[in-house]
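Novice: Under the heading transmembrane segment, TrEMBL lists B:41-62, B:69-88, B:94-114, B:121-139, B:184-203, B:234-257.
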Amino acid sequence: MSLLRVKGLKVHYGGIQAVRGIDFEVGEGELVCLIGANGAGKSSTLKGLMGMVQCSGQVTFGGTRLSNLATHAIAARGLSLVPEGRGIFGRLTVAENLDIGAYTRRERAYVRADLERMYGLFPRLAERRSQLAGTLSGGEQQMLAMARAMMARPRLLLLDEPSMGLAPLMVQKIYQTVADIASEGVAILLVEQNAHLALHTSQRGYVMESGSIVLSGPSQALANDPGVKAAYLGE
Amino acid sequence: MTALVARLRRNPLLAYGLLAVLLLLLPFLVGAGLGRGWVRVLDFVLLYSMLALGLNIVVGYAGLLDLGYIAFYALGAYLFAWLSSPHFGIHLPFWLVLPTGAALAGLFGVLLGAPTLRLRGDYLAIVTLGFGEIIRIFMNNLDAPINVTNGPQGINLIDPIRIAGLSLGQTTQLAGITFSPPHLYYYFFLAMTLATVFVALRLQDSRIGRAWAAIREDEVAAAAMGINTRNIKLLAFAMGAMFGGLAGGLFAAFQGFISPESFNLMESIMILCMIVLGGMGNVPGVLLGAFLLTVLPEALRYVGDWQRAVLGNVVVDPNDLRMLLFGLAMVMMMLYRPAGLIPSRQRRREFDADDGVAEQEQASLYDAGA
């Protein structure tokens, strides 16, 4: 029984169809990647899952239907999105950002424990907890966005281009953290343009091209696929 | 003086005690020093403080620009007039009418909020501005076919507030001290203002307050955090409107007379200016803004008298001068203290941070290797 099951998901913006009816699944505790070129519909897929854009199709999460729910209700069911461009609250402090991440949770004692856990996972955020989030560097903002999403104790974490615009060493750090989070048993759906990185971190992958899934399978197999190599890995 | 300040800092209880004594004696000090008329000005300072605190919830906390806020003040005032004057022959007690007025204003807050949920910034400002005008025009014209508002003439002879047989509208002797109506209303308004300050402060630090801050910063991200942005925005409109409705009821009882003229666009803008001048989102700043923008226009009335005394006649109409100086003050503020006189913690950091951001971005190029 998979945690997330998507059937025939379509996303349109006015007359333009960004996602043309795709099927995919993410298992409990699984790290799955969704790769593809610019404009393939990867981010639209994530927005569709979160109910942020007009979409149709069947989305089941942990046995319940998500279709037609509002974004906040979807978030409350355990999906947490780290949006493209991070979407941090720039004029609030790091600590306030993390606090809002735990908005749906009422057990204050556990939230406080999780906050300390996040500071342990991201020591840089601990140092800057009372600093305005907008003054952090790009990499630190990405860390904050991930930590904030984790504060909700999600069952499935949706990561949209976590490597975007970051220096190579920072990308390594971020991906180390992705692996750490996955090893704690949180399922992750990773959207990336950097196919090499995504396929080496994940267990399974889907390849998207102009709104459709054209290929899927174990990440290792995808990385060795001649078509993927030619189109995305530049080999 | 500095020794006193230091002492007060160490002993907040003493500071609050002194403040309480000052606030209690204030109408008598002001009445003796500046004349009776100024006690009325003090009452208006308190009324505008409540209004500004209410608008601050909408604009300062939730970041929704509302240019029609005075409409809620009008609704509260008219409801008080309807339920407590000879106009309909109804005379209900204030403790029933004031909450009803606040509730009615809150309901209209939701009615205004619901269709504007998708709007932000300029668009929201235009729609709310229209709403404010619609309410005012309704008040102006609802005298036929059924006389609801008595049109431009307004409603007169509104009942004063009566507490346990004591009418706040009559000069009263208490323990050998003479309290005129403005004095009596001062204490009543002071209690109400302190209550609204308390509510405003508690809201700011609450879970709802954090949700407002999140929506103000990034609505899409806020929804992704599980915040019900629709309900939380409507709540901001409703809470702000309730403060306005309450102040409106107090205004009607205090004045004894209301007409649509008191609720024009300029009033909405004035209240917004109080928030911007004092420090958006910050309760002490908002209170200071309400104080300054209520007292300064009154003080500038004296400019006419000085002109007559010095030059023999009035060269510049004090009314024109008031607007001129007011405009000048706003421009200076925006140039030198854009975050307000007493900025909120966040706004201050934000404006301080602007200088620091460039440095930070520079540093971020290297921090991957750090």
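Glycine residues also receive a Cβ, built from the backbone N, Cα and C atoms like all the rest.
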Novice: Sequence gap of 6 or more, Cβ distance under 8 Å, 3 or more pairs: do the transmembrane segment (B:184-203) and the transmembrane segment (B:94-114) meet that?
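Specialist: In this chain the transmembrane segment (B:184-203) does not contact the transmembrane segment (B:94-114) - fewer than 3 Cβ pairs sit under 8 Å.
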Novice: Relative to the transmembrane segment (B:94-114), which of B:41-62, B:69-88, B:121-139, B:234-257 accounts for the most Cβ pairs at distances under 8 Å?
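Specialist: Most Cβ pairs under 8 Å with the transmembrane segment (B:94-114) come from B:234-257.
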Novice: For the transmembrane segment (B:41-62), could you work out the same-chain residues 6 or more beyond its ends whose Cβ comes under 8 Å from its Cβ atoms?
Specialist: 26-27, 30, 69, 72-73, 182, 185-186, 189-190, 192-193, 196-197, 200, 203-204, 209, 212-213, 215-216, 232-233, 236-237, 239-244, 246-247, 250-251, 254, 271-272, 274-275, 278, 280-283, 286-287, 289-291, 293-295, 298, 344
Novice: Would you mind listing the long-range same-chain contacts of the transmembrane segment (B:69-88), meaning Cβ under 8 Å and 6+ residues beyond its ends?
Specialist: 51, 54-55, 58, 94, 96-98, 100-102, 104-105, 108-109, 112, 128, 131-132, 134-136, 139, 148-150, 155-159, 240-249, 251-253, 258, 260, 262-265, 267-268, 271-272
